[in-house]
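A short write-up of the structure that comes next.
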């Protein structure tokens, strides 16, 4: 190894590498609707000398400010997300309401062709607007956003997923797309919206907008932002379904990869704020100040409040719902995966194809929603109905559509309506004889396939509500088939059907159970809800993964799961660590540093000390690329290869090394150095993490994965087992644990054999 006092470039490897295989796993992923480069997040705290000195210098007041600001930001997250959720629902109810009222009025006077034209054109314009702003302004806003947020909380960063531009397009685009009668939901986009709000609040201020208050700078690191984004995702679910506890459990069960009690309290606090604010806003709307809003809408009203009565004999019905729901849910995931892959091929042709596809889906949806009710026969209004029959206007169980006075169209009551009102109609009590078998079956098939084809368009679109609608129609159909053989009413079958289909598609249990209980406001459903969710999830797990994991795989996110694949137990760390390895001296020449930064894209570099600082090469630690760039921009260089003194260190501030927000990151191209500066030196010791996580090269790959994921690492240093070898073998990153990389190095490993074994022996997971 070259002496740190000599002018030897490290373009020649400083340490002889034992591994020369290059990691060929993908470094890009589909974010929203565009392919973007991805990075890993630094959840590990870089405990260098400079950080320790700054932390010891903090007063009790500063520590109090740090804790207080965390709680204050959680409060603001709850306030803002609840206001957005309310405004979202208010806008959709009024936009869709006006559209349905105008169309219905035309149909009442026999102008069916004009009604169809207005309905189709309105939907097309709304869809076109949503797709255009998504495609051209913020492509990262496409889709539900849950896969992106889930990947972020696992340690995967992607450009623009939490920017203000993405936040605005997510809100406006989702309102427009849902109002266009597309079979998509608001819950997924609300999760992404909550995460965006949390990330923006945790940016640490903004020089551009002159938000430089020092209290805002406490959260210039990935670890604190991760906690805030978790709170934001929980608040999004709470605002979508008015389910504060369900939101917390959703973040715990589905979104977060790391959890602790302090985060539980803050998440619960954020969702509690959401619940209180929504309750206050609902009271305002009940006074009639919200336009068409206030007489329907899933997130604001209890959809089922009857006391549920059931007996032991009804357990068989629940078991049937769970088994069939699991099969249907896994089949739904299978078809959605195929459709999304097909859409990806279409999207490769350009933005115009994305918009054309969205418009085609909109026109097809409008034709089905308007035309299918004509196939249903008119039903006479039931005697003693609790509401006006037929219903004139937007919502209600008794849509008149083309029927004569005193009759209603049961299929139109479901299909020619908003998704929220359709769910309310399906869940409603005392409606066992209001819907015909054929109408429910047609509605189920339509929702099943339309939701699959609608999700992948270039617009903010969720899956939660479409899956609930589809599951509710399937559950109600089963209840109608069983008839008098079950004591459960059809509305209760619809609730359990929604639960079974959600469990079969999304594979969540605890959070879905609580969300549906909070949604229906009926704790008596708990035993049956638990049984149907457990069965549907168990059945569906035998076929494929949950829907969000499948979407993450399609998008290419390098997600680390909580379990190690069985073939990883056959390998050691030394089998997969990749190279070549780039290493810096503790005191390095500027020219060498600049050359390495320009010729590599690594984000972490080992720092090794040799003579005269050490008698033999010894690993000192790891320094991040961002910190090196900060040092180069600061231009505090040394004319001779010596260490920094205390006066030199005093020129640096801790916030200069804090990670920037969602703006453009610094690059080596931004640093311009003179010829004289290139011949100077830089002491990396004070800014190097002297205690990075290390593992022996003989550790099993499965065990290393557990360490890497549970600690939330970006780099894991691999050291040799023999002392007379070089001090470092290589660095493990997230991509080294990806199956594509491992099986590429070891093609003899049969992954399919292990997959079959895991299905038979679930405990291997």
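Note that Cβ sites are derived from N, Cα and C of the backbone, with glycine treated the same way.
Per TrEMBL, the listed range annotated as transmembrane segment is 463-482 (candidates: 463-482, 563-582, 583-602).
TrEMBL assigns the feature transmembrane segment to one of the listed ranges (63-84, 85-106, 195-216), namely 63-84.
For the transmembrane segment (116-142), the neighbouring stretch richest in Cβ pairs under 8 Å, chosen from 63-84, 355-376, 463-482, is 355-376.
Cβ atoms under 8 Å from those of the transmembrane segment (63-84) belong to residues 171, 190, 193-194, 197-198, 201-202, 215-216, 218-219, 224, 227-228, 231-232, 235-236, 238-239, 266-267, 269-274, 277-278, 281 of the same chain, restricted to positions at least 6 beyond its ends. Non-local neighbours of the transmembrane segment (315-335) in the same chain are 448, 452, 467, 470-471, 474-475, 478, 482, 485-486, 488, 493, 496-497, 499-506, 528, 531-540, 542-547, 550; each lies 6+ residues outside the stretch with a CB under 8 Å from one of its CB atoms. Helix first, then strand, then coil: DSSP counts for the domain 'CBS' (687-748) stand at 23 helix, 12 strand, 27 coil. For the transmembrane segment (435-457), the partner stretch with the highest count of Cβ pairs under 8 angstroms, out of 263-282, 355-376, 463-482, 494-517, 523-543, is 463-482. The transmembrane segment (162-184) shares more Cβ pairs under 8 Å with 355-376 than with any other stretch in the list 355-376, 463-482, 494-517, 523-543.
If one looks beyond the transmembrane segment (463-482) by at least 6 residues along the same chain, the residues whose Cβ comes under 8 Å of a Cβ in the stretch are 144, 183-188, 240, 298, 317, 320-321, 324-325, 328, 332, 414, 419-420, 422-423, 426-427, 432, 435, 437, 440-441, 443-444, 447-448, 450-451, 454-455, 488-502, 505-506, 547.
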